[in-house]
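S.K.: Before anything else, here's the structure in question.
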Amino acid sequence: MNPLTKVKLINELNEREVQLGVAEKVSWHSEYKHSAWIFVGGLPYELTEGDIICVFSQYGEIVNINLVRDKKTGKSKGFCFLCYEDQRSTVLAVDNFNGIKIKGRTIRVDHVSNYRAPQESEDVDDVTRELQEKGCGVKTPPSSPPEVSEDEDAKLTKKHKKDKKEKKKRKKEKTEGQAQAEQPSCSRSATVKEKKDERASRKHSSKTSERAQKSEHRESKKSHSGSPDGRSSYHARAEDPECKARKEKPKHEHKSASRREAEEKSRERERGRSSGTHSGRHRGHSDGRSHRSRSRSRSPDKSHRHKKYRHSRERDSYHGSDRRHH
């Protein structure tokens, strides 16, 4: 089959897989998953191994290359075999490099299922021998630990010591927690009972104090209500506007100036009214007392006059009877 037709067929397969969204496991590339070698044909004769590595190393690290040459002349025959470090690089190389042109020639790239490296012969050059033995992959130097300065080393040691101390503290806390958890249940129940007893005693004492306060308050109310002095003092306290003002002061400290002025005016009015009521009561008591004293003073005069009148009538009647007898 013509190599160009092979290139077209491979490209058509790749396009169909992309359109259908075929998974990697079902793709035709999965048949060559055990081989990391690819075939490259249609190369210009002027290219060397280095040129080919520069082009094909875009999709992975190349481990080995075998550019086929003529044994007599040593010229390349236009095709080679490449081995990648990672097998997935072969899929990328086949999909992307197949059908490209290098120096006006279209190249063909395809998988190789079972490739055997050529055996050593006397005609092989020293360069090809080294490539076949060592490969063309770049050997990375062993990673040496970075140099650490003295300050950094001291900081690291301090951090290490701090970490050790923190670990020891955590271990101690864990051991203490385990020891507390291993305590007998009776000790826990005893502590719980003690706490409950303390709470109950506090509640009982608070209740008894509240009851005593309530009883004292009731007795004081009864004593005030039973005695007239207590009543009068109670009414006086209730009517006293100054006491009300004192009680209302802390509650209404946040009021505005206008409200305070209105309150002062109302207090003055209440004071005037209370003074008027007290004076009226005092006058009423004084008038009642004077009226009683007058009535008492008048009553003995009336009785004395009545006695004199009776005594004069008795005399007149006695003298009249004497005259009749004579």
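The count begins at 1 with the first shown residue.
From the backbone N, Cα and C atoms, a Cβ is placed for every residue, glycine too.
Here the structure is a predicted model, which means the values were calculated and not measured.
Straight out of Swiss-Prot:
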- 157-172: compositional bias 'Basic residues' (COMPBIAS)
- 177-190: compositional bias 'Polar residues' (COMPBIAS)
- 191-200: compositional bias 'Basic and acidic residues' (COMPBIAS)
- 207-219: compositional bias 'Basic and acidic residues' (COMPBIAS)
- 236-245: compositional bias 'Basic and acidic residues' (COMPBIAS)
- 255-273: compositional bias 'Basic and acidic residues' (COMPBIAS)
- 291-312: compositional bias 'Basic residues' (COMPBIAS)
- 313-326: compositional bias 'Basic and acidic residues' (COMPBIAS)
- Lys8: SUMO2 cross-link (CROSSLNK)
- 36-114: domain 'RRM' (DOMAIN)
- Thr140: phosphothreonine (MOD_RES)
- Ser149: phosphoserine (MOD_RES)
- Ser274: phosphoserine (MOD_RES)
- 117-326: region 'Disordered' (REGION)
S.K.: In the compositional bias 'Basic residues' (157-172), how many residues does DSSP assign to helix, to strand and to coil?
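M.R.: Helix, strand and coil residues of the compositional bias 'Basic residues' (157-172) number 16 helix, 0 strand, 0 coil.
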S.K.: What does DSSP give as the helix, strand and coil breakdown of the compositional bias 'Basic and acidic residues' (191-200)?
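M.R.: Helix, strand and coil residues of the compositional bias 'Basic and acidic residues' (191-200) number 10 helix, 0 strand, 0 coil.
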S.K.: In the compositional bias 'Basic and acidic residues' (255-273), how many residues does DSSP put in helix, strand and coil?
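M.R.: Counts, helix then strand then coil: 17 helix, 0 strand, 2 coil.
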S.K.: When the domain 'RRM' (36-114) is classified with DSSP, how many of its residues are helical, how many are strand and how many are coil?
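M.R.: Counts, helix then strand then coil: 21 helix, 30 strand, 28 coil.
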S.K.: Let's see if you can do this one: DSSP helix, strand and coil counts over the compositional bias 'Basic and acidic residues' (207-219), in that order.
M.R.: 13 helix, 0 strand, 0 coil
